[in-house]
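Right, one structure below, let's go through it.
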Amino acid sequence: MAVVPLPINSYTGIFVVTLLFAFLDGYSIGANDVANSFATSVGSRSLTYTQAVCIALFTEFGGAVLLDNIVKASFFEKRQDLLMTGFMCALIASSLWIMGCIRIGMHPSTTHSIVCALVGVGVAAYGWDAVNWSWNGRGVAYVVAGWFMAPTLAAILAGTIYGLTRWIVFSNPDKSLQRGIYAIPVYFTLTGFIVSFFIVMKNGRGDWGISVAGNNPGGAVTLTGDLTKAFTIIGIMTGVIFLFCVLFAIPFFQRRLIKEENLKSYHMFYIWFVPTQPRDENLAYTLNQAMTPHIKLDGVQTTDAVVEEKTEVVEVVEEKGHPAWIKFKNVALKGFYHDISKDQYESAKHLHQNVHLYDNKTEYLFSFLQVMTASFASFSHGSNDVANSVGPFAGVYSIWSEGKLSSNAKAPVPTWMLAFGGIAINLGLAFYGYNIMRNLGNNLTYHSPSRGFAMELGAALTVITAAFLALPVSTSQCIVGATLGVGFIGGNAKAINWKMFGWIGLSWLLTLPVASTAAGLLFYILTNVPSFTVAPVVPK
């Protein structure tokens with residue numbers, strides 16, 4: 001059936017409202033999903049909040065459209081105006097739901113939120129048949145299955161990675177540092193291979209990729225394109241990482257941690273040309289304050305340390321400046337001025353007493369790995385993040401500027417639109433991401449660099465495994481599952497804040513009914529209200 005186009009630049013009001021809520025949706029995604037990527041790194045103090053924001057600037061771009069798998073666009077071929085309205089309603093419902101969840105401490109999946117909102121629009125417009133409810137074709141059943149499969153798989157993988165790390169590196173406290181130094185090249189190379197493979201095979205720019213037969217779960221998986229060229233690139237990237245570790249990282253860590261020379265992180269890149277430095281007498285204190293200020297070096301939490309931390313919290317310091325600036329700084333810039341890794345709720349106070357703690361020197365090794373895995377976690381779902389906000393917006397823009405959106409082709413996404421979504425996402429992370437980082441950090445379970453590395457790598461492996469098996473996963477749910485898996489292996493069931501996990505899980509379960517109902521009701525109201533241009537016809 002041919003698409004019936006609209007006059008070009010029709011319904012400019014819908015376009016403007018969609019633009020505004022696409023920005024809000026991007027902002028909420030930054031505050032939710034991107035913050036989720038860096039929560040473990042900030043929680044373990046491998047990265048500061050400012051560093052996380054800066055890294056995200058380079059990892060959160062890309063785009064695609066979600067429409068075809070969930071709502072059957074062919075139903076809207078004669079009414080492109082209703083399709084515009086549907087996209088607008090989906091963005092309004094999705095963005096408000098995510099922002100509301102973040103405000104009260106929930107952690108929903110932004111991907112599932114926009115998908116569920118589109119479900120509500122489809123049902124409100126043309127009934128139940130307008131929505132693909134099946135498992136095949138990645139319909140609603142496929143999405144719902146991801147609520148259980150993603151966190152379970154991530155918990156198993158992350159828990160396994162951390163369990164192996166404990167056995168290989170930390171099992172002998174007297175040799176853990178030396179073992180860790182020589183294990184770093186292996187970890188870096190493995191992580192580098194995974195990152196390289198994902199970037200090369202899934203970036204969408206080359207003539208290669210991962211193909212699943214029928215685009216259905218369980219279908220035959222094949223690698224397509226010029227694989228020789230692809231794996232040559234992967235091999236070169238992985239080889240460079242291995243050589244860097246052997247030639248630069250190991251000598252740096254030996255001098256910094258064993259000989260305790262007063263070196264800076266940037267000395268790693270030219271360590272062979274750095275003369276012998278004086279011994280850093282404050283190394284133990286520096287590492288303690290940088291990563292675990294409430295924990296002694298021997299791995300025992302002390303009363304003195306806890307009392308000292310409480311004293312810091314209750315101390316009142318008079319802030320200088322204009323009252324408006326102070327208010328803005330305490331609200332919008334809280335993440336930059338407040339150590340959110342120390343911000344714990346009462347329900348999480350017991351967590352650190354139920355975990356196994358290790359030498360901070362050995363933990364310090366993994367802080368460098370966390371920078372790589374955090375960047376990869378952000379990159380791996382960066383395209384989806386942008387797509388969630390600009391995908392529906394791209395559809396509205398296509399209809400507004402060209403008069404139609406064919407059901408046989410995805411909406412073209414201009415570069416400026418990707419930049420628009422990327423800016424909104426990074427602003428959301430900068431100004432509101434501290435909420436999710438606080439919740440998924442030390443409030444869900446105890447974080448250290450080795451634990452955070454296992455969490456992030458486990459979540460990333462889950463995403464890649466899902467790509468091969470065509471399984472439905474949400475990156476938000478992957479990192480939560482990975483956090484639970486590592487928390488259990490690193491301590492016991494009491495090391496996990498089950499109350500907070502229940503609160504997060506509730507947001508996953510409520511996303512489908514709330515987002516779909518809100519979008520569907522809004523669509524129904526907007527498309528069935530009295531019109532100034534068309535008078536009601538009195539039946540004869």
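Cβ atoms here come from the backbone N, Cα and C positions, even for glycine.
Keep in mind it's a predicted model, so treat the numbers as computed, not measured.
Within its own chain, the transmembrane segment (12-35) has Cβ neighbours under 8 Å at 56, 60, 84-85, 87-88, 91-92, 94-96, 98-99, 101-102, 107-108, 110, 114, 378, 381, 385-386, 388-390, 392-393, 396-397, 400, 420-437, 440, 475-476, counting only residues six or more beyond its boundaries. Per TrEMBL, the feature transmembrane segment maps to 12-35 (among others).
Here TrEMBL flags 47-67 (among others) as transmembrane segment.
Same-chain residues lying 6 or more positions outside the transmembrane segment (82-102) and placing a CB less than 8 Å from one of its CB atoms are 11, 14-15, 17-18, 21-22, 24-25, 27-29, 31-32, 71, 73, 76, 108, 110, 113-114, 116-118, 120-122, 125, 388-389, 392-393, 395-396, 399-400, 405, 432, 435-436, 507, 511, 514-516, 518-520, 522-523, 526-527. According to TrEMBL, the transmembrane segment annotation covers 82-102 (among others).
Beyond the ends of the transmembrane segment (109-128), by six or more residues, the same chain brings 25, 28-29, 32-33, 66-67, 70-72, 75-76, 82, 86-87, 89-91, 93-94, 97-98, 140, 143, 146-147, 384-385, 388, 391-392, 474-477, 508, 511-512, 514-521, 523-524, 527 to within a C-beta distance below 8 angstroms of the stretch. Annotation comment: TrEMBL describes 109-128 (among others) as transmembrane segment.
If you look up TrEMBL, you'll see 140-169 (among others) marked as transmembrane segment.
For the transmembrane segment (181-201), the list of distant contacts is 168-169, 208-210, 223, 230, 233-234, 237-238, 241-242, 244-246, 249-250, 253-254, 257-258, 365-366, 368-369, 372-373, 376, 379-380, 453, 457, 460-461, 463-464: same-chain residues at least six beyond its ends, Cβ to Cβ under 8 Å. Marked as transmembrane segment by TrEMBL: 181-201 (among others).
For 230-253 (among others), the entry in TrEMBL reads transmembrane segment. Panel annotation: around the transmembrane segment (230-253), residues 181-182, 184-185, 188-189, 192-193, 195-197, 200-201, 206, 208, 223, 263, 267-269, 271-272, 365, 368 of the same chain, lying at least six beyond its termini, place a Cβ under 8 Å from a Cβ of the stretch.
The transmembrane segment annotation in TrEMBL covers 416-437 (among others).
Here TrEMBL flags 457-489 (among others) as transmembrane segment.
The transmembrane segment annotation in TrEMBL covers 501-526 (among others).
Using a Cβ-Cβ cut-off under 8 Å and counting only residues 6 or more beyond its ends in the same chain, the transmembrane segment (501-526) has close neighbours at 85-86, 89-90, 92-94, 96-97, 101, 105-109, 112-114, 116-121, 123-125, 144, 147, 439, 444, 477, 480, 484. Away from its own ends, the transmembrane segment (140-169) comes close to residues 70, 109, 112, 115-116, 119, 131-134, 176, 179-180, 183, 217, 356, 362, 450-451, 453-455, 457-459, 461-462, 465-466, 471-474, 477-486, 488-490, 508-509, 512 of its chain (Cβ-Cβ under 8 Å, at least six residues beyond either end).
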